[in-house]
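Peer 1: Pasting in a structure now, in structure tokens, and then I'll have a few things to ask.
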Amino acid sequence: MSIPGIPGLGQDEPELDNAQPQVGQTKTVDLRKEQEWRFEGAVGRGVEVKVTTGTAELFGTELVTNKSYTFIGTKAAIYTWTGCTLEISHDAGALASEYVAEEHTMNESVNVHLALEGCRDRSTTATGTGVGPRVLILGPDNVGKSTLAKTLTGYAVRAGRAPVVVNLDPGEGVLSLPGTVSAAVFKTILEAERDEGGGWGASPMSGPNGEVPVKVPLVYYFGGTDPSEKKGTLYKALVGRLALSVQGRMKGQEEVERSGVLVDTPGSLLSAKQASMGYELVGHIASEFAIDKIVCLGSERVYNDMLRKFDRQPVSGGVAGETISVVKLAKSGGVVDRDQTYMRAVWEAQIKSYFYGNPRVGANISLQPRQQQVDFDALPTIWRRISAGSNSYNSSGNATEEEEFMPGDADYEPSATVSEVPLPENQLFEKLTSPTPALRNCVLAVMNCVPEPDEPQETLRDSSCMGFLYVTEVDEGRGKISLLSPVAGRVPTRALVWGEGMEAVLNVVG
Ligand SMILES: Nc1ncnc2c1ncn2[C@@H]1O[C@H](COP(=O)(O)OP(=O)(O)OP(=O)(O)O)[C@@H](O)[C@H]1O
């Protein structure tokens, strides 16, 4: 995955021009009960909000009265059940839009939460299974799936539960970087303050989280954004591994088992173009996580399809008589579309805060990543993850067999890095034999395995991810690359994976 030229990455100090919002304008907003203040911050710009009277919450997480919260480039809503006054400060142009809304979907969210609480309580009765609800949240892009997952998590934590939150949307890292799927137990409050990077808190791999205790996620590296790529081979494998690891982590922790699992999914899973593949993947997720509740958001088509396919069907791996129920929820009028420019800002924010911490929001932590130049040959093997239709990166610059058969007068210049030879459809990784400039500004995932040269690719595919490195420079001539790592010390002797799948998306906006 590459994000060309993230400012601050690869330099000694992160760029912190807007370290504190330059507060210029302050105003108060009075909310009557059951109203919400919706706002969209301009990318990179800060807005400060304080609840001065009454009570308010941000997607299920309660805001402390008279505490100032900073939101950077955030699109969200502050809701009140009782009525409240908000004091809002920002510099000119930092707030792209704001308004007070009366129509919202908080009642539906609370009803779902109460129904889940009922299931959690019943799971501990004499006839209960001891395992709480396993909820799958489905719907097209930008309908509020992640927001519902956050709200249900926030309410569950406030009710003293400890649910497992599973993020199967590689386009949005949860407690991790984009390009990954992950899961973590949420026992403590979610961070209310946030930047473009989202609202689940910073990746704990980047350092301590301050006031909010560290949540240690299970992370698997996908390295792209399209789950259906290569007929879903890699995605399905990662879903299976993650489900297995989640089961392992829940086992014996009664409180966590009772609280159940909330699974957030990407909208692309159900886009019309690849609907049959998407439905196959939904079936796979449902069976791996023993899903017993499917919540469909913002699409009648998805709801009806799910109803036909799953409603009252036996839960895969569930106890006898356990069946799946499918419900639908309306999309909130507040949900906003996020274009690619915004998603790029989201990814940049997540990657930057992994290496440098985030001195602007949340735990206010600044980190000092280590920059080092290393010989390419001294590094553990770098494996390039092959996306659909990729060509080989391991050309010597000489014509390949196929190229030699090109007509003599063809206007052809052999590429030094990318051969025109497409790689086999079932090949998932390719070993990189020399440093290529395309590695510059890329993230490398450090895998929890050391695959031998002749080991099957599945070892690499099925490994969890330990952390990440960032390539700041490539010196092809001297065979060296410069790396940024979150901790001092040598590069771990583990396989490194270079996921290219997000490049195409990023270059569109780059
Ligand atoms: N009531 C609301 N008021 C204002 N903004 C909101 C509201 N609900 C959600 N949003 C914002 O809308 C954006 C999209 O919501 P969300 O991420 O939940 O959608 P999604 O369905 O998960 O999208 P995707 O499929 O692309 O991941 C987010 O920035 C979220 O904070």
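A Cβ is built for glycine as well, from the same backbone N, Cα and C atoms used for every other residue.
So TrEMBL says this about it:
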- 1-30: region 'Disordered' (REGION)
- 19-28: compositional bias 'Polar residues' (COMPBIAS)
- 31-122: domain 'Clp1 N-terminal' (DOMAIN)
- GLU36, LYS75, ASN142, VAL143, GLY144, LYS145, SER146, THR147: ATP binding site (BINDING)
- 139-357: domain 'Clp1 P-loop' (DOMAIN)
- 367-500: domain 'Clp1 C-terminal' (DOMAIN)
Peer 1: With every protein chain in view, how many other Cβ atoms are within 10 Å of the Cβ of SER146 (ATP binding site)?
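Peer 2: Total other Cβ atoms inside 10 Å, all chains included: 23.
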Peer 1: How many angstrom lie between the most widely spaced Cα atoms of the ATP binders GLU36, LYS75, ASN142, VAL143, GLY144, LYS145, SER146, THR147?
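Peer 2: Largest Cα to Cα distance for the ATP-binding set is 19 Å.
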Peer 1: Could you count the residues of the domain 'Clp1 N-terminal' (31-122) that DSSP puts in helix, in strand and in coil?
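Peer 2: Split by secondary structure, the domain 'Clp1 N-terminal' (31-122) comes out as 17 helix, 49 strand, 26 coil.
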Peer 1: Including all protein chains shown, what's the count of other C-beta atoms within 10 A of the C-beta of LYS75 (ATP binding site)?
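Peer 2: The answer is 19.
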Peer 1: Taking DSSP as the reference, which of helix, strand or coil describes LYS145 (ATP binding site)?
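Peer 2: Going by the DSSP assignment, LYS145 (ATP binding site) falls within a helical segment, counted as helix.
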Peer 1: Just how many other Cβ atoms lie inside 10 Å of the Cβ on LYS145 (ATP binding site)?
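Peer 2: So the Cβ neighbour count for LYS145 (ATP binding site) comes to 26.
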Peer 1: Can you tell which of the binding-site residues (ASN142, THR147) has the fewest other C-beta atoms within 10 angstroms of its C-beta?
Peer 2: ASN142
Peer 1: Taking the Cβ of GLU36 (ATP binding site) as the centre, how many other Cβ atoms fall within a 10 Å radius?
Peer 2: 24
Peer 1: What is the number of other Cβ atoms found within 10 Å of the Cβ of GLY144 (ATP binding site)?
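Peer 2: That number is 24.
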